[in-house]
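What TrEMBL records for this protein:
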- B:D7: active site (ACT_SITE)
- B:E68: active site (ACT_SITE)
- B:D141: active site (ACT_SITE)
- B:D7, B:D141: Mg(2+) 1 binding site (BINDING)
- B:E68: Mg(2+) 2 binding site (BINDING)
Protein chains: 2
Amino acid sequence: MRVLGIDPGLTRCGMGVVDGMVGRPLTLVDVNVLRTSSGLPVPERLVTIEKGIDAWLDEYRPDAVAVERVFARSDVSTVMGTAQASGIAMVCAARRGLPIALHTPSEVKAAVSGNGRADKAQVGAMVTRILRLDAPPKPADAADALALAITHIWRGGAQSRIDAALAAAGASTGSIPGRVRR
Amino acid sequence: MRVLGIDPGLTRCGMGVVDGMVGRPLTLVDVNVLRTSSGLPVPERLVTIEKGIDAWLDEYRPDAVAVERVFARSDVSTVMGTAQASGIAMVCAARRGLPIALHTPSEVKAAVSGNGRADKAQVGAMVTRILRLDAPPKPADAADALALAITHIWRGGAQSRIDAALAAAGASTGSIPGRVRR
């Protein structure tokens, strides 16, 4: 499966595309950080982010989109822009009927490093190892977006096996396009 | 001028369209509250809000859009959804090149009632009087959206006169489509 991971932000919005499945080596398809100037009005910045995400959805046609879950208790100075950018990311994916998953930063850190409190350097190092890259993706938003995609593939794999087992038992909970799988 | 006021929210998103200009009676064109169920995934709810706003922009073709400015220090349980809905509202307007203004709740209360700390009932009563309605618009989100549109017309009128004076003095600060006018 192919997953687009999005680390939402108004100033820097990380996007990473990863191909793969549980139990096989994962592959980096592309990674980028959308940047918008803090000197521009917020509506213009959000439209730039929407266009950037739409362009990647068109180009890479992922099977699912993983977005970092934003909390109100995050840094107050950036949380509103982050929430707005995450809303745009979800709408871009939902308009296309793609499955959307929200993963918390702790879930992502735990998935890639085994430690829910891992720091940026550890996450970057693990993403580099998992995707067999020559160097950690820079800036951190790029590594975070890839870590989200990796997390989704690994968690989604487990979820798929649970779904299959339930379906075999006659109680399907198959994923529904546009639904958030927690 | 015709203004669409939007009181953003995930559960209830108020939309009110008002026609008029400073110094003349203002006219209610339409008012509605978009509702989305808290039982649905956030991406689906945001797409419903996007469609509702786009439909009104198509139908009423406002000259400007006024959106309530959301603060991170607002109610934590709803602020993330409110921020996401406000982001969608801004993107819908900015995609069409419409001027977008953000007004704080205090600015709106002060504009319609003369008191920046007016309560919901006072705002509803003043909206009823200003638009010569038979009864206050219900729910409060409907009245708030109309109050935003009224505020924009009245403040915009003052801004237009300032712009005209500055232009006459050779220092134009004319509004730019898609720009946030503070």
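The backbone N, Cα and C atoms fix where each Cβ goes, and this holds for glycine too.
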Self-check item: Cβ neighbours within the same chain of B:D7 (active site) - under 8 Å, at least six residues apart
Solution: B:C13, B:G14, B:M15, B:E68, B:D141, B:D144, B:A145, B:L148
Quiz item: How many neighbouring Cβ atoms, not counting its own, are there within 10 Å of the Cβ of B:E68 (active site)?
Solution: 26
Quiz item: Just how many other Cβ atoms lie inside 10 Å of the Cβ on B:D141 (active site)?
Solution: 26
Self-check item: Three-state secondary structure, B:D141 (active site) (per DSSP)
Solution: helix
